[in-house]
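Only one structure is covered here, and it is reproduced in the block below.
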Ligand code: ATP
Ligand code: MG
Ligand code: MG
């Protein structure tokens, strides 16, 4: 079978690798050049985009910010999964918030503004600790501005004046003091059947995911059910086929949806080592209409992103349960270069490996790793 993925980054690469044993051939589309490439070495294939779309058994995306014209082309083939509606909802925070409101799903108090002066009203309503998010093209915390006190409002307005808010409005959110962040990665097939992975706890630094811990410690049955109900409501409404990720803020025993990602997700990378069937394989299974794989967890896992630097010591691989996934990209500040999956039979065993890994890297790179490990040992 042939699968075509729009986007040619590490997620397409990991789908390619997961497809190999199944005999599924994954090609990627570089969304800037429209070239069809090998997702591992990025070498162009000798095939045009139209032909690749025609030959594909299924088409999907590795990120939501694919130009709409390309998505429409794919949608017209009838093979795009999830469909264009789901992808555009994940790509546009205004559409996303409307969906959450319409389905009565708890989310962060917010306001949509298309004029900088409307920020005053937002402060009156939501307070002066805010996160302002561009409605489109944001990821890893890019396209976000934080307001910590009303004194800083004039400065913030000045910064936002450069944007065309009529084209790309802003979503202004109340800055929440949540207990922690968790995410649910799951898969729905075209018949509406679901499989869910365990909830992961996600640790962010400067708006970017650094560590995911699975299963999230201390999750109650009720919390899991709450997350799954929300996931099902969203996925059914979007008539979703494939892997979907829902990011939550946890406040006590309540979950608020932060955002959804209509694709395989960084907080699901732990499934490569620790789940019976990883998220990449399950995405391929769903969109190729194959039976879904078992999502049960076999070992506890800490996924640790390698961000903005290219060196790792060979010795890191001697750490017990340490698996490296290297993406082969050129190094750039804040760029995700690869990740480690650390696995253990128990949290204390995992904590030992996390502390060993933390010894190799400056605290500034993995600010959470050692602290989190200490809570597990
Ligand atoms: P991603 O790479 O996950 O797509 P993104 O750029 O779309 O990220 P968000 O997920 O909206 O951005 O925000 C990034 C992080 O910033 C969140 O995971 C959370 O840590 C923090 N954050 C976002 N919104 C809020 C909020 N309303 N209150 C407190 N923290 C927030
Ligand atoms: Mg996002
Ligand atoms: Mg996010």
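In case you wondered, yes, glycine gets a Cβ from its N, Cα and C as well.
There are 12 other Cβ atoms within 10 Å of the Cβ belonging to residue 142 (ATP binding site). The ATP binding site annotation in TrEMBL covers 93, 133, 138-144, 173-176, 181, 204, 258-259.
The feature domain 'ATP-grasp' is assigned by TrEMBL to 97-288.
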Taking all residues of the domain 'ATP-grasp' (97-288) together, what is their mean pLDDT? 97
Residue 139 (ATP binding site), Cβ-centred 10 Å count of other Cβ atoms over all protein chains shown, is 15
Distance filter, Cβ under 6 Å of ligand 2; input binding-site residues 93, 139, 142, 176, 258; output 139
Taking the Cβ of residue 176 (ATP binding site) as the centre, count every other Cβ atom within 10 Å, in any protein chain shown. 14
